[in-house]
Amino acid sequence: MHPTHPRYAPPHAVLPTPKSGRRLPLVLGATAVGLSLAAWYLVRPAPAQPLNPHSYTPALITTHTHPTPRTSLIRIRLTDPAPPPGPFYALWIKSPQVQIERPYTPLRGLEGPEGVEGGEGAEGREVELWVKHEDGGEVSRYLGGKRAGEGIEVRGWTPTLQWEDKAWDEVVMISGGTGIAPFYQLLHHLFLRSRSPSPSQPPPPSTRPRFTLLHGSLSPSELPPSEILGPLVELQRREPDRFRLRLFVDRLMDGAGAMGAGQEAEVEVAGQRLPLTVGRIRREDLVDAVRPSHSPPPPPSPSWRGLLSSFFPASSRAPPAQGEKGKGKKVLFLVCGPEPMVEAYAGPRARDLSEGEVGGVLGGMGYGRGEVRKL
Ligand SMILES: Cc1cc2nc3c(=O)[nH]c(=O)nc-3n(C[C@H](O)[C@H](O)[C@H](O)COP(=O)(O)OP(=O)(O)OC[C@H]3O[C@@H](n4cnc5c(N)ncnc54)[C@H](O)[C@@H]3O)c2cc1C
């Protein structure tokens, strides 16, 4: 017989068998399954990353209301957020159409779906933003058009200002419009959030600093919503020696019609009637905020000059009047609002958009770097 005949093949030789044709479908099937698995692995949705400052993660809008004609109050549920640093931190939101991002200020730390704080960082995963609709603004318009149930992309937290408790005697906050948000965040952090009786979080010292918030809006209907003013009014009632709130409006659009600058009116917030000053925050109001006792401000001058100066804060060139700068007191001014307002009270920012020198009304009163911060 021929030595290569199968029957005489060496013991370890691989012999073609008549069955080998039947394995082909098995091999093809296994290959197909393998390829499908590989394809699924490549195109599967990536697991949602927790909120972080470096990359965007999905978030869900849970409620969206319009408390004033040109603003939105938006609650956002975040993915696995760590407790925010505090105070003075921001959450970034991007508009996917144009890939532009902007920072916004959560009013409080993390809350549960019903707005109840589950101890910051516990079951709470929601933050609330008060956002102004800027005419022609990219991101605020995008956010303003989002409804409850829709998704957005966010990143955070990023610190916006180093809060240093340098044993200030007085902290005076000046805000315009949605510029109240960082001050609400600060006051909420210090006074309003639910506290666990943890020794690492002692209550704030009961004597200082004293906080004064001077807030201006265009008209009563554009004042911050009761979600913001309500807790502040309650704080003022509870701790009158620690916190004082004064509200200003450029004009009285509702009710009694327009009134003269400097006149007093009233507005109802959370069932309480609050005094409302018509006209912009004046130099005298800043002086009054750092007086030993929170006495009422001097009456406005009836002259045209007085009327105008209440709408246009005195220029930085005006010499400081006797006793205007709180002598012997450690005073910190924080200013946040539309850029022209920040400039009027604290001077323009530097070219590189850092805070720059102190100018404006506060510069004219003798306050300098370290005593005035522009947010
Ligand atoms: C730390 C920080 C926290 C903030 N927190 C809040 C907050 O809590 N709530 C809030 O409402 N805002 C907040 N802001 C402001 C916010 O980040 C945005 O700047 C604001 O919403 C406007 O952004 P935008 O993209 O809508 O508008 P932009 O597109 O930036 O437009 C801003 C303005 O410029 C004008 N403009 C735009 N393009 C042009 C153009 N080509 N020519 C002329 N004018 C133009 C617009 O008409 C508009 O008036 C915060 C800012 C900072 C820095």
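Numbers here mean position along the shown chain, with the first residue as 1.
Note: Cβ is positioned from N, Cα and C throughout, glycine not excepted.
Here TrEMBL has ARG102, PRO103, TYR104, VAL139, SER140 binding FAD, and the candidate from LYS132, LYS146 in that same listed site is LYS132. When the domain 'FAD-binding FR-type' (54-164) is classified with DSSP, helix, strand and coil residues number 12 helix, 45 strand, 54 coil. Mean pLDDT for the domain 'FAD-binding FR-type' (54-164) in the predicted structure: 90. Note on the compositional bias 'Low complexity' (208-222): DSSP counts are 3 helix, 8 strand, 4 coil.
Residue pairs drawn from ARG102, PRO103, TYR104, LYS132, VAL139, SER140, the listed FAD binders, are separated by up to 12 Å at the Cα level.
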